[in-house]
Amino acid sequence: MNWLTEPNQLVLSELRRSIEGKMFFAAVLVVLAAQTAVGSTAERRYGDLRDWYLNNVHLVNRNRNYTEVEVAMPGRDMPTRLCDERYGKLFEELEYLKNLLSKCTGCAGKLTHPANDDECSVGTCYDGVRCQLMNDDEPHCGLCPVGYDGDGVSCGKRNACDKKPCFAGVQCSTRDDYPYYGCGSCPAGYDGDGRKCWKKDLCARRACFPGVTCKWTDESPFFECGSCPVGYEGDGISCGRNPCLQNPCFRGVSCQKKAVDPYFACGACPPGLAGNGILCGKDSDSDGAPDEGLDCPERSCAKDNCRMQPNSGQEDTDGDGIGDACEDDIDSDGVKNDSDNCPYGFNPRQEDSDGDKIGDACDNCKWVKNTNQLDLDRDGKGDVCDDDIDGDGKKNAEDNCQRAYNPKQEDVDFDGIGDVCDNCPTVYNRYQVDSDGDEVGDACTTHLDSDGDGRQDDRDNCPFVANAAQLDTDNDGRGDACDDDKDNDGVPDRVDNCELIWNPNQADRDRDGRGDACDKDFDGDLVEDSMDNCPRNGQIMRSNFYNFTTVALDPEGISQDDPYWVILNDGAEIFQKFNSDPGLAIGYDKVEGLDFEGTFFIKPEYFQDDDFVGFVFGYVSNRKFYFASWKRQEQDYWESTPFEAYATSGVLLKLVNSQTGPGTMLRNSLWNDAGIQGQTKLLWQDRARKGWEFNTPYRWKLLHRPKIGLIRFRLFRGSVLEADSGNLFDYTIKGGRMGVYCFSQALITWSNLVYRCNDEIPRDIYNLLGSEQRKLVKPSNDNWLS
């Protein structure tokens, strides 16, 4: 009950006037007791004295002998109502209290009378505390100053932090001014002033990818995102579209996500099939064109114009809808293609002035024998009859690099050999002797190759990290393999969202983790990643053997012709015409991690030959490379010098690490099945010893991961697996160039040649590796064996 209501305040004001302000608070206690007593004996209702006083201001008659009291409303002179006898009793009680309090006036004076100066000496109380005499006539000290605690004599600064005024976990410190404490910062994940803290609403700031649920958590970063939307992948903060999760590609075909519509790209169809990867149809000749057209717009969906013979370029010289590979007489000169010395040029008389088996109608050196038809500068003149082979404006006789374009003729060491072709550009070596065939002249060789990548340390842009390709994206002299800022944009690669493209602002509008500058094209070579054979190498976009180099492995032999190479399908198909000495056609591009595939096809000559067809990878020099070789039938080599060489039928893989280089020793070692000390090493040989067959397309697939020495080879006839090497391991070569190989076999086609840069390991191959090997490589989401 609130006893200090308005009517009671009026009563108390009467008491104050009666006792002149003395013992006022004691009277209050008495009034409170009296009111409690009244309240206990009478029910509160309208007409009760307390309610009546709310509407009345003063008493008209104070005579306690009256049992009825006349009253008047404020502002009126005449009474308007009489009181019953209960109110008379209350007035008697009030009169009693008035008399009682009057007797205590002296006591009240002692309680409130301040002490004299001589009674409270300086220092009796704490500085600023009032000194007073109480009823014992002794000086007493008042309350300590605001912000202090004590008895008035001694006061200490109050520790406001004891009451824990700050938020849980927030530091509290005392202060001299009000409120005598201060709070530190709110805990991580909270906002506020330290006294009051509340959870940060990070979710309201769109911390998660649009459409992803967000909730608050107690641990950093103080929010948690749900799963990415359907068709996307990521951590919920950043999500990238990945329709591959919905398996849009043909069964067994790899899927790669893209940053643009339709946000995915499918890989190549399985062996024996062709198409765009979404749709795949039968491909009888394994040249990448389906037997029947598919309902898709890509070139790879168009019907094959020559179903039973590989022709990946689909060349059709006469435009009759039948591919040149299926035409008996492409140039319609009456001479069958296989016998025609110029199959693409009309020459019914087959003139051949220089006797090199190349008809005058298509011979680039009509009067000088040149079976290989090499034309370095592609000016239509064969190198053997071109007075400026490299087309740099310097006649061969005056050119210090006849086979390398160098119009300025730089020659730092003044040895007469231009810097661009000098195997010791800073050391005089007129005769360019290179005993070990490593492309470094003897005059400057150190035999020091710390990382074993085939590059001498002083010529290696990463001397302690293997990088056979020597890729240097920013051209700063430091190879990408050991450069922590490959694009030189000032952002370290470990946090750069475009490692190979300069983008210091790191803009990423779609928040997929890849910067806008490289969203579609990671290496900046203007070819979208899904179409790029090497999406992290700006120097390689597609498979191309146009700029090939011929390598004669028996340059002194005269029993057979040198190979005659024809490049088709924009560099993705090679044809070799003659029954020749061992030779290679090596492409220009260098890679490290490699996927390499292609199709073998051999047509019969007028007699049934049975020798070697193959391909090369990891080519470092004419002394050092890996190759696959496949022979149709077993046979001894007819040249028994320097040793008798024997080959069985079947396919095998070898390492060439020759001490002598091209010549008779290497030639016989290539023929021989078993490895030869100082020349070759046998890595694997198919136990089935099954030879190839004429007019039959065979598709090979090779995987090479130099980082762990992994080599895996598979051979298909259509969709049927013919041979599988299993996982092989050899660490000799860290990467190099690719090419094709033949030895004493004519009319060979290597069709639909495809090489890709790849350092990842297909998931099913990765699962077969040992634990230590797995630590060194990254698995992909693709499967290679299925």
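Easy rule for this one: first residue shown is 1, then count along the chain.
In case you wondered, yes, glycine gets a Cβ from its N, Cα and C as well.
Residue ranges 307-330, 379-402 are listed, and TrEMBL annotates 307-330 among them as region 'Disordered'. Only residues 6 or more beyond the boundaries of the region 'Disordered' (470-490), in the same chain, are considered here, and those with a CB under 8 A from a CB of the stretch are 455, 460-462, 464, 496, 498-504, 523, 537-539, 590. Per-residue confidence over the domain 'TSP C-terminal' (546-762) averages 94 (mean pLDDT, predicted model).
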